[in-house]
Amino acid sequence: MGEGRRRVRGRGAGMRKKDEEEEKRKKEGRESRRPLTDGTTLVSEDGTFELGFFSPGSSTNRFLGIWFQNITPKTVVWVANRDHPINNNTTKFTITKEGNLVLHTQNGTVHWSTNATTKAIDTNVVAQLLDTGNLVVRYEKDNDSQNYLWQSFDHPSDTLLPGMKLGWEVTKDVNLKRYLTAWNNWEDPSSGHVTYGFSQSNIPETQILNGSSILYESGPYNGIRLSAVPSLRHHPLFFYDYECDMADSDECYFQFHPRNKSLISRDDCDNFNRCGSFGICRVTGDSSSSTCECLTGFEPKSPENWVAGNWSEGCVPRSKKWGCREKNKDDFVVLRNVKVPYSSTCWINRSMTLEECWGKCWDNCLCTAYANSVIIGKGSGCILWFGDLLDMRHLPDSGQDLYVRLDISQMANQDAKAKGNSTKMVIMVTAIFSSVVIAIGILAFIYRRRKAKVVIWFLNMQLMEYSLSNLTFIALAWRLWKECIPMEFIDSCLGDSCILSEAIRCIHIGLLCVQHQPDDRPNMTSIMAMLTSKSALPQPKEPLFLIEKCIVEEDFGKMMFYSNNEVTISKVGPR
């Protein structure tokens, strides 16, 4: 029996040793301190993901990437050296004593490396491929994700994996912008022109961009979700997290975790601005098709094209005699369950009530709609939109209320009117001095006759007054010009004392003077030549002040605008 027991113990010890060796082999497969060469791989513990070298399609270039191990064909989710291909198989993937990953060839050429913000304080550092597909660099005995020296989830390629954050984080020590960038083609994983991520602005929203052109935008974050994201209460395929600290603006991200592996479909209403100005997209039938409708109180700009399914020209107000702040005519109707418009030219105050928001919008003739900025509970905060309302869609199980300005005297159902109290709106913005000077040209009507009489209409705008009125009158001139009715910009008090063609020419010249690109603006010599001749003039584009600006009341003291390309923050002032 003693011998038997010894044999059992011997077999047990041998089995334990074998198990330990197997566990060590598995651990070495998912963790590495040694170089990874072409032909060897690193596999996650559950076998879902694999890290190694690959060549996409028929390409002979070599890339280091992560893919699903058991899915055919190979589905790559992350590429390290996507913009720096390797044309041989002598490459090594190593980890330095400082905690950086380096991809280099035999002759020492570095094709890619990490730049860990936290440097390793000892040499016990490993690279590990997690079951989530996240490649991390950490201390060997520290599994706390907060202490990772570096992780691939902070540097996505073209795939959003469960648990990965899509968004940005900007603090004193961190400056992360996590967004997806498409491959150039199936055989070239280099960075393409299509990107997807959160806009780094005071009203965060996700956007798909093709270069600088918007293909899709989610609507702003409203305290619960992005406004265009449908509610998942009835058919939850995944649960998700949003974190947008709009007060401190130091982090904003979206994160999802699927409940199963079902695919989530996409419909045509996701295409940016599918229905044009003042149009709204509605999914029909089996959710595989969609149609466009004009907002209440609006009609197709081109009825023939609209009926033919070409909705790009959008809609225009049905009433042609609408008067700003005219009692019993100028008011708002509420649209339920909609994705709010694209936040290009807008204004936000996070402490206002909805009634105060009504007053702010009603008091400004360029305000076309308003809504709560946060819809938690009874709602709070205020967003105002100026100009055309773009990229709206109906969301039957989610969305929020949007209040749209129109002539309510033509509305059959007066019960939809939004109520509120009128207050005076004064919003301070900065302006470029020379542009403000030229903006007065929009308001200047030059009448050349025997005595070369010059009449300038100031409309209560002072030269050095940096206020929203500068934006308002430029926007009004542009809107009337675009709608081919610039004569409505002329003050009725002038009566028959002006010559219509000359007044319209001055408006035309004024719009040229506030173009976005400096090269498109005429100099003073050209302006004088334009005013004293009848030569043909170039067509104006959208003015400088109206392009991609969303003003946040709390930031007026900072005198800053946030550009939509997420590259710069510009401080503007007189020149």
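Indices start at 1 and increase along the chain as displayed.
Each residue, glycine too, has its Cβ placed from N, Cα and C.
The shown structure was predicted, so the numbers you read here are calculated from the model rather than taken from an experiment.
Candidates considered were CYS292, CYS294; TrEMBL assigns the disulfide partner of CYS275 as CYS292. Here the disulfide-bonded residues are CYS275, CYS292, and the one whose Cβ sees the fewest other Cβ atoms within 10 Å is CYS292.
When DSSP labels each residue, the domain 'Apple' (324-407) comes out as 9 helix, 37 strand, 38 coil, counted as helix, strand and coil in that order. Assigned with DSSP, the residues of the domain 'Bulb-type lectin' (27-150) fall into helix, strand and coil as follows: 7 helix, 47 strand, 70 coil.
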